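Listed in TrEMBL:
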type	residues	note
REGION	29-55	region 'Disordered'
COMPBIAS	42-52	compositional bias 'Polar residues'
TRANSMEM	61-81	transmembrane segment
TRANSMEM	101-123	transmembrane segment
TRANSMEM	135-158	transmembrane segment
TRANSMEM	192-210	transmembrane segment
TRANSMEM	222-243	transmembrane segment
TRANSMEM	263-283	transmembrane segment
Amino acid sequence: MSDSQQQHQSVPSIATILNAQQLQRSDDHQQHQQPIIKIPMTTKNAQKSKSNSQDRRFKGLLRNTCIVVGEFLATAMLMFLGCMGCAQSPTFVNSHFQCSINFGFVVLICIQCFGCVSGAHLNPSVTLANYIYRLISWPMAIAYFVAQMVGAFVGYGLVKASLPEDVVCSSDTPKGVCITALGEGISAGQGVLIEFLLTVILIIICCAVWDPRNATFGDSTGIRFGLAIACISLTGGQFTGASMNPARSFAPALWNNAWDNHWIYWVGPLVGAVFAAFLYKYVFRPTGAKPEEELPQ
């Protein structure tokens, strides 16, 4: 065999080279994808993922439970301290000024104790406005409402259990201490209007506190709310009792079976809360306003 024939046989053909390159690419491709293909969800990983999901669900349930319990205790405290501070006896008479200041201080205490737990709404009107403001969900709003109604009932029950009957139903409060009633000469329509306007003012204060533009002023929230409640109570208390709070009016009415004009203390505050919340949300804080926007000088 000649040298030229040997050289021709030793040189691989083009087809052989191409086949070899394709096989090499196929092997490299399989090796490259092998780590991705061979990472199945093992039983251990699945159990760990399920456990993490259950932990998150449990923590969320625990947090919501703490919120509801906190709101219950806060509203019970409001009714117990607030209504006991309004009780009168032959030897001790509470003036309108004293009752108003007392409720302001009680609100301050409740916010200081439970503001970090539940926000210390203390009031279905505030919770309704909070929902409209998109700060809580509808199910949580219902939970707040139940906690407030039960808390108010328990708190006022403690007042009746702690005080003599002649103090709860004195000559100045024959139907029961802390009963919200219309003042002399005030018609039902005027009562609804007064409760509506007072609640509008209260909810605007709440919305201003929730506004991110006021985030730097949160350290004195309890003091501001306490003074606001005292001021509103001084203004409207002698005409309607300045309830602004269906739960605060419902509990004494239920315990003492006193339902005269009770509907006023539901219609006025709830309608006022809806009006004020929408007003602030869409007028004073329109859509697109950013928390970092500076306040006008």
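Quick reminder: no glycine exception, Cβ is built from N, Cα and C everywhere.
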Recorded stretch that, among 101-123, 135-158, 192-210, 222-243, has the most CB pairs under 8 Å to the transmembrane segment (263-283): 192-210
Cβ-based contact of the transmembrane segment (61-81) with the transmembrane segment (222-243), 3 or more pairs under 8 Å: no
